[in-house]
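Novice: Mind having a look at this structure? Questions to follow.
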Amino acid sequence: MTKKEFRTTQLYRLKQAQFTTKKESLALTQLLLAHPTFKSAKSIGITYSGALEVETSLIIQAAWRKGKRVYLPKTLPNRQMAFIEHTAKDELVLSSFGVPEPRYEERRVNNEVDLMIVPGIGFATDSHYRIGFGGGYYDRFLAHYPGQTVALVPTAMQFATAEWQIEPFDIPIQELILA
């Protein structure tokens, strides 16, 4: 199945499973917060979640309480992104995708955070490949990212093998935390 076909089908499935995904969010958050990689990370990269994704605001708040630095993606021209430090005082703006993101400030960029929590709409549990909303922002970023990657995967996003086309530029996630 092409990525475009898979995305269309999967987004429909996720809308149907939205209640289950939200129920599983708390369990996935607890698993992440107890994970050794999260505990040892001094900085995390994460995005504020959309309606069909695992809720991330609790993770962000927990990271701040534990003294971790939190970085959010800022989309840039040419389908690039940078991770900008985010504090509770910061005012966020909506990106063209409707996702809250920080204003760009070069001095606050850190593209080498300790742990990157990667979003997606589907994850292959055998190979750890993911498919996102399209655009390739995360694959471009992860191609040069030296740190640890993890994804929180509710049941509706789990696939034994990739049901979408894997491309040479797709980057697998190092660890999947499954609901």
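Here, residue 1 is simply the first one shown, and the rest follow in order.
Cβ coordinates come from backbone N, Cα and C, glycine included.
Below, the features straight out of TrEMBL:
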- Lys3, Lys4, Glu5, Phe6, Arg7, Arg130, Ile131, Gly132, Phe133, Gly134, Gly135, Gly136, Tyr137, Tyr138: ATP binding site (BINDING)
- Glu53: substrate binding site (BINDING)
Novice: In the three-state scheme derived from DSSP, which category covers Gly135 (ATP binding site)?
Specialist: coil
Novice: So how many other Cβ atoms are close to Lys3 (ATP binding site), meaning within 10 Å of its Cβ?
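Specialist: That number is 19.
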Novice: Cα-Cα, whole number of Å: Phe133 (ATP binding site) versus Glu53 (substrate binding site)?
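Specialist: Cα-Cα, rounded: 11 Å.
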Novice: Cβ distance under 8 Å to Arg7 (ATP binding site), same chain, sequence separation 6 or more: which residues?
Specialist: Ile121, Ile131, Phe133, Gly134, Trp164
Novice: Which secondary structure state does DSSP assign to Glu53 (substrate binding site), in the simple three-class scheme?
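Specialist: Coil, per DSSP.
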Novice: Pick the one among the binding-site residues Glu53, Phe133 whose Cβ has the fewest other Cβ atoms within 10 Å in this structure.
Specialist: Phe133
Novice: Would you mind listing, in sequence order, the residues at least six apart from Gly135 (ATP binding site) in the same chain with a Cβ closer than 8 Å to its Cβ?
Specialist: Arg79
